[in-house]
Amino acid sequence: MKGLLKGLGVTLKSMTSKKVTTSYPDEPFVMPDRFRGIQHFEPDKCIVCNQCARVCPTECITLTGKPNPDPEKKGKVIDTYDINFEICILCDLCTEVCPTEAIVMTNNFELSSYSRDELFKDMEWLSTNNKLVRKDNNNIGAPTKGGGK
Amino acid sequence: MGDLLLEQLTWGNALIFFLSAVVLLMIVLGFVTYAIYFERKVIGWMQLRIGPNRVGPFGLLQTVADILKLLLKEDTIPRKADRALFILAPVLAYVPAFAVLAVIPYTDSLYFADLNVGLLYYVALSGITTLAIVLGGWASNNKYALLGGMRSAAQMISYEVPLVISIVGVVMLSGSLNLRTIVAEQGNWFWEWNFLPQIIGFVVFVIAAVSELNRTPFDLPEAESELVAGYHVEYSGFRFAFFMLTEYVYVYAIAALTTILFLGGWHAPAPFLDFVPGLLWFMLKFACIVFFLFWLRATFPRVRVDQLMGFGWKVLLPLAILNVFVTAAYIEFFIKR
């Protein structure tokens with residue numbers, strides 16, 4: 001009997017308390033720091049080390065490089081860089097392994113589309129996805145320079 | 001309205017009666033529309049949600065849109081169903097629900113029928129709806145619908161008994177079955193209204209009424225989270241809308257009846273508040289009861305079937321009978337007309 005009245009009190013109190021509903025599609029939803037969203041890619045930083053493609057558990061990253069157009073310089077530059085978001089699980093491994101922070105996470109998460117083809121994102125799309133880029137990409141104490149043993 | 005009822009029935013008067021019935025129907029439909037909206041809002045707030053707010057300003061047109069969608073739906077009748085009864089059931093459910101509203105007095109002068117057995121009329125007619133529910137369940141030729149209908153009938157019949165007996169105390173105190181007289185007999189101060197002298201009767205009446213309305217915590221026949229809808233599984237579109245309408249019209253009727261029997265009808269809670277029109281007081285009390293019903297729904301879990309029947313027959317009925325005897329003793333020793 002007392003419990004019934006108590007329950008009525010609880011519901012009456014929650015009637016005027018703050019609501020948890022957000023007006024999400026009308027207002028953008030702010031994600032917390034270190035949210036693992038759609039990657040942002042900076043072609044200039046990439047050294048074509050292929051580590052991201054190798055570490056990817058779902059093998060959704062494909063990349064090709066080409067020789068550096070400047071004959072003075074050694075190494076390669078990136079030619080194509082694609083992520084297939086049909087199978088990407090946004091696990092953050094590619095951004096953790098990247099030695100030059102060429103690929104980083106953002107807070108964007110809206111991937112839904114009417115066609116599966118639109119989920120195949122190329123280098124151009126990924127480099128223009130430069131809003132809300134995650135600021136702190138390696139705060140787990142990874143060595144900054146000359147790491148390893 | 002009172003003088004008009006005593007005049008000879010002419011074509012003109014019949015037209016006036018007909019038009020006032022249509023107006024009442026419109027008011028009731030408006031009430032149902034916004035009761036559903038209000039219910040969803042209140043339950044939303046109590047669950048820390050906002051409730052419908054997309055269709056129209058503040059979501060005011062949400063129910064209108066829902067009803068429109070319901071009416072546009074295909075009207076299906078199962079091939080093996082008993083066609084005549086299947087069509088008859090929703091009509092039979094709704095007609096008594098609307099007919100009982102005739103005896104509800106809103107103020108001293110605003111009422112539709114001045115029946116000297118008004119209360120009995122209400123109880124008798126509302127019993128017919130139970131029949132329609134069983135009929136709907138049976139005619140669907142669907143075992144779930146039949147089970148839902150049987151459950152519903154068992155519940156409504158066993159709670160109708162304490163409901164009626166809990167009113168007897170009120171009837172004894174005012175010495176009349178006429179709803180207008182019952183209101184007039186209640187005093188001008190709020191502690192003279194029947195809900196305090198008849199506190200046991202009031203509590204039994206409210207519980208039995210909630211059960212009679214098939215609303216939470218007694219909504220086993222429908223139990224949206226565990227059963228397939230109950231007696232109206234096979235109904236769709238317009239006919240389903242009629243069953244829903246019946247339910248909400250009964251909410252209207254029970255809220256009005258509670259106001260009249262226990263909360264002093266159109267009386268102001270204190271004599272110096274008489275300058276506010278009686279109709280407003282009636283509406284205020286009425287709205288409080290409707291809100292209370294929604295509040296219950298947002299709060300309580302559903303009771304079990306075995307608890308339901310036991311509670312009705314072993315707790316409410318003896319309490320209601322006790323109330324009758326206590327009231328009789330009180331009248332015998334203290335009032336003695």
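Each Cβ is built from the backbone N, Cα and C atoms, and glycine gets one as well.
Keep in mind the model is a prediction, meaning the values are calculated, not measured.
Annotated [4Fe-4S] cluster 2 binding in TrEMBL involves A:CYS88, A:CYS91, A:CYS94 plus, out of the candidates A:CYS49, A:CYS56, the residue A:CYS56. Take the [4Fe-4S] cluster 1 site that TrEMBL assigns to A:CYS46, A:CYS49, A:CYS52: the candidate from A:CYS60, A:CYS98 listed for it is A:CYS98. In the predicted model, the domain '4Fe-4S ferredoxin-type' (A:79-108) has a mean pLDDT of 91. Nearest in space to A:CYS52 ([4Fe-4S] cluster 1 binding site), taking C-alpha to C-alpha distance over the binding-site residues A:CYS88, A:CYS91, A:CYS94, is A:CYS94.
Beyond the ends of the domain '4Fe-4S ferredoxin-type' (A:37-66), by six or more residues, the same chain brings 31, 75-91, 93-95, 97-109, 111, 121, 123, 126-127, 129-130, 132-134 to within a C-beta distance below 8 angstroms of the stretch.
Excluding A:CYS46, A:CYS49, A:CYS52, A:CYS98 themselves, the residues of that chain whose CB lies within 8 A of the CB mean position for the [4Fe-4S] cluster 1 site are, in sequence, A:ILE47, A:VAL48, A:ASN50, A:GLN51, A:LEU63, A:CYS94, A:VAL97, A:PRO99, A:THR100, A:ALA102, A:ILE103. Excluding A:CYS56, A:CYS88, A:CYS91, A:CYS94, which define the [4Fe-4S] cluster 2 site, the same chain contributes A:CYS52, A:VAL55, A:PRO57, A:THR58, A:CYS60, A:ILE61, A:ILE83, A:ILE89, A:LEU90, A:ASP92, A:LEU93 within 8 Å (Cβ to the Cβ centroid), listed in sequence order. The binding-site residues shown are A:CYS56, A:CYS88, A:CYS91; of these, the one with its CA atom nearest the CA of A:CYS98 ([4Fe-4S] cluster 1 binding site) is A:CYS56. Counting other Cβ atoms within 10 Å of each Cβ, the binding-site residues A:CYS49, A:CYS52, A:CYS88, A:CYS91, A:CYS98 show the lowest value at A:CYS91.
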